[in-house]
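Asker: In case it helps, Swiss-Prot gives these features for our protein:
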ACT_SITE  ASP250  active site, proton acceptor
BINDING   GLY88, GLY90, ARG91, LYS111, ASP123, GLY124, ARG174, ARG181, ASP260  ATP binding site
BINDING   ASN251, ASP260  Mg(2+) binding site
Amino acid sequence: MTAHFPFDNSYVALPPNFFARVAPTPVAAPRLIKLNRPLAVQLGLDPDLLETPEGAEILSGNQMPETAASIAMAYAGHQFGNFVPQLGDGRAILLGEVVDRNGVRRDIQLKGAGRTPFSRMGDGRAALGPVLREYIVSEAMAALGIPTTRSLAAVLTGETVLRDPIQPGAVLTRVASSHIRVGTFQYFAARGDLASVRALADHAIARHYPEAAQAPSPYLALLEGVIGRQAELVASWMMVGFIHGVMNTDNCSVAGETIDYGPCAFMDTFDPKTVYSSIDQFGRYAYGNQPPIALWNLTRLAECLVRLLADDDDKGIEIAQTALGGFAERFNAAYLAKLAAKLGLFTSQPDDQQLSQEFLTALAKGEADFTLAFRRLSDAAVDPSDLGEVRALFADPAAFDEWAPRWRARIAAEPQDATTRQAAMRRVNPAYTPRNHRIEAVIRAAVDRDDFAPFEEILTVLANPFEEKAEFARYAEPPQPHEEVLETFCGT
């Protein structure tokens with residue numbers, strides 16, 4: 001029985017300059033590592049069939065579903081601030097789109113499926129380590145409630161890829177609301193192809209912002225919609241200590257999802273200047289720089305849309321600048337509301353912003369673990385007089401000691417009882433995030449020993465990040481000095 005993919009493909013209806021038609025390159029011996037069964041069901045797929053040898057053939061690219069229309073998408077992008085007019089999918093091939101059980105159109109893409117016309121000098125393949133990292137982190141982000149691409153499957157290819165060091169090859173099946181990027185708009189704008197910019201904008205409106213079609217200025221509504229989603233998204237990243245690592249415009253999703261998990265990482269000790277990515281030598285994409293970089297990326301999108309916003313360029317620029325001016329308000333509102341909730345503040349008072357920021361200052365001065373400090377504060381919410389377990393996380397607790405009485409006084413003014421407040425705080429302060437040293441241990445077990453038991457266990461832990469279980473206590477702990485991962489790699 002054939003594994004059926006109910007593809008309904010819309011992107012291939014766009015002009016041929018939007019993509020290159022290309023088939024995946026077959027692999028030697030596909031072996032399914034992991035299938036995301038709940039996601040498969042949500043997509044209208046049969047997980048039992050996908051777990052058969054034939055399923056592995058499809059998920060590796062060796063066989064193509066009948067209704068697939070495989071393409072590599074064209075896009076450009078600013079990489080660390082430098083514009084590259086042609087990038088495109090160099091190792092990812094979009095099989096097609098399905099409409100899931102919620103009526104949402106989703107892309108199904110094979111990452112590591114072989115060379116495409118956009119591969120440049122690359123081999124089009126993916127190594128096992130980065131595939132496992134993306135699977136773990138994208139699924140963890142989904143469980144944390146943060147918009148993200150998803151991972152449907154991971155497959156070993158039976159081949160090796162030439163990386164440093166040589167690694168087993170793998171293919172990730174990625175699911176996204178779409179793979180339209182800011183860089184997709186830049187690809188056509190850089191060529192002066194206004195007709196294609198308009199066609200792409202119309203497609204993005206129909207797919208992601210249908211309400212914009214009814215607005216007095218649909219393209220302005222599109223821009224404002226993307227600005228709003230990116231503001232909310234980055235605010236959510238900041239709440240869990242997530243550092244994307246490569247916030248290039250080609251990694252900025254118009255749908256408002258986290259996309260392209262390369263050298264991403266979750267911060268341990270709180271420091272706004274934290275950088276893990278080996279290729280971010282000057283800290284452009286450091287944790288604390290992510291909000292202004294998001295605005296920078298959105299400004300590049302606005303530049304592409306100027307000619308659609310008004311016939312006169314000066315007027316179009318003025319309209320775009322006004323829209324971009326709304327980013328700070330949207331981001332700050334989301335950021336401060338989320339941060340207040342993490343501190344157990346569910347009503348608003350004038351000094352709340354200062355109280356929230358002073359806790360972050362105390363974390364930085366005390367070199368405290370970001371995730372664990374908020375979680376232990378949640379645990380202490382029932383009896384705020386005893387903050388010993390929180391205080392113990394600070395190498396220098398002086399700033400925390402100064403802050404704690406003000407927090408106690410502030411939460412005493414909240415209408416909720418202590419138990420309700422604690423439950424609410426635990427719903428926004430995870431016990432578990434994908435800590436870098438844990439991911440590294442999973443990758444080492446898989447790559448060095450073909451042992452995927454740690455991979456399965458970390459997925460189980462991270463599927464319920466807000467629910468503490470005694471047997472998973474080690475996953476909540478920061479790394480010991482010898483376990484610290486100071487640098488992460490793109491893996492491409």
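Cβ atoms here come from the backbone N, Cα and C positions, even for glycine.
Are these features on the surface or tucked inside, and what are their neighbours?
Answerer: For ASP250 (active site, proton acceptor), the number of other Cβ atoms no farther than 10 Å from its own Cβ, over all displayed protein chains, is 22. DSSP assigns ASP250 (active site, proton acceptor) to a helical segment in the three-state reduction.
Following the DSSP three-state reduction, the secondary structure of ASP260 (ATP binding site) is coil.
Shown in sequence order, GLY77, ARG181, GLY183, HIS244, ILE259, ASP260, GLY262 are the residues of the chain, 6+ apart in sequence, with a C-beta less than 8 angstroms from the C-beta of ASN251 (Mg(2+) binding site).
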Asker: Rounded to a whole number, how many Å is the Cα of ASP250 (active site, proton acceptor) away from the Cα of GLY88 (ATP binding site)?
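Answerer: Cα of ASP250 (active site, proton acceptor) to Cα of GLY88 (ATP binding site) measures 9 Å after rounding.
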Asker: Counting across all protein chains shown, how many other Cβ atoms sit within 10 Å of the Cβ of GLY88 (ATP binding site)?
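Answerer: Within a 10 Å radius of the Cβ of GLY88 (ATP binding site) lie 22 other Cβ atoms.
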Asker: Widest Cα span across the ATP binders GLY88, GLY90, ARG91, LYS111, ASP123, GLY124, ARG174, ARG181, ASP260, in Å?
Answerer: 23
Asker: Find, among the binding-site residues listed as ARG91, ARG174, the one whose Cβ has the highest number of other Cβ atoms within 10 Å in the structure shown.
Answerer: ARG174
Asker: If one looks at the chain holding ASP123 (ATP binding site), which residues at least 6 apart in sequence have a CB under 8 angstroms from its CB?
Answerer: ARG91, ARG115, VAL161, LEU162
Asker: In three-state terms from DSSP, label ARG174 (ATP binding site) for me.
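Answerer: Strand, per DSSP.
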